[in-house]
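What follows is a set of notes on a single structure, which appears directly below.
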């Protein structure tokens, strides 16, 4: 009887990990695909460098190629920057795979896959949109907030995935750290007074 329970528990864990693997892979690949599709549309429909109004107030559409990282930082080190980002993304992807194998927090794992998928979306640009070989490319950006920055869907997915993961982790931590109120102890204290 005990071995049947252990076997059922093991089978359930395997099924849950397979589901988590599928959800995580799907989330990451959808992030990359959505980003690349949006960039393709931007390249086909937006004039280079000219702001065009969008349906979102304060956000214009303006196609630019960014050889650097966020805010154009590192633009002069091109392939070196891309190689560093490639290493970071590879390590983060391995960490997510480890989380899947261990069956760690499914919600956080999927949110992290979305964030890292956004990073891979930009890496696709760096790898394949260059004129001087692999990793010499520039990232396609098209959302422009005049007082802030120019960015793309991959950036939104990365920042949004990280922010959502932090929020979920904080809420889950608070839930596990909140004291359990024992109603019977409260009643005993009232009765004893």
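Placed from the backbone N, Cα and C atoms, the Cβ positions cover glycine too.
Annotated in TrEMBL:
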ACT_SITE  141  active site
ACT_SITE  155  active site
TRANSMEM  20-49  transmembrane segment
TRANSMEM  69-96  transmembrane segment
TRANSMEM  108-124  transmembrane segment
TRANSMEM  144-169  transmembrane segment
**OP:** Among 69-96, 108-124, 144-169, point out the range having the most Cβ pairs under 8 angstroms from the transmembrane segment (20-49).
**Re:** 108-124
**OP:** Go through the chain and flag residues at least 6 beyond the ends of the transmembrane segment (144-169) whose CB is under 8 A from any CB in it; none is fine as an answer.
**Re:** 31, 34-35, 38-39, 42, 51, 58-62, 64, 66, 70-71, 105, 107-108, 111-119, 121-122
Original post:
Near the Cβ of residue 141 (active site), how many other Cβ atoms are there if near means within 10 Å?
Top reply: 23
Subject >> Cβ neighbours of residue 155 (active site) where a neighbour is any other Cβ within 10 Å >> reply: 21
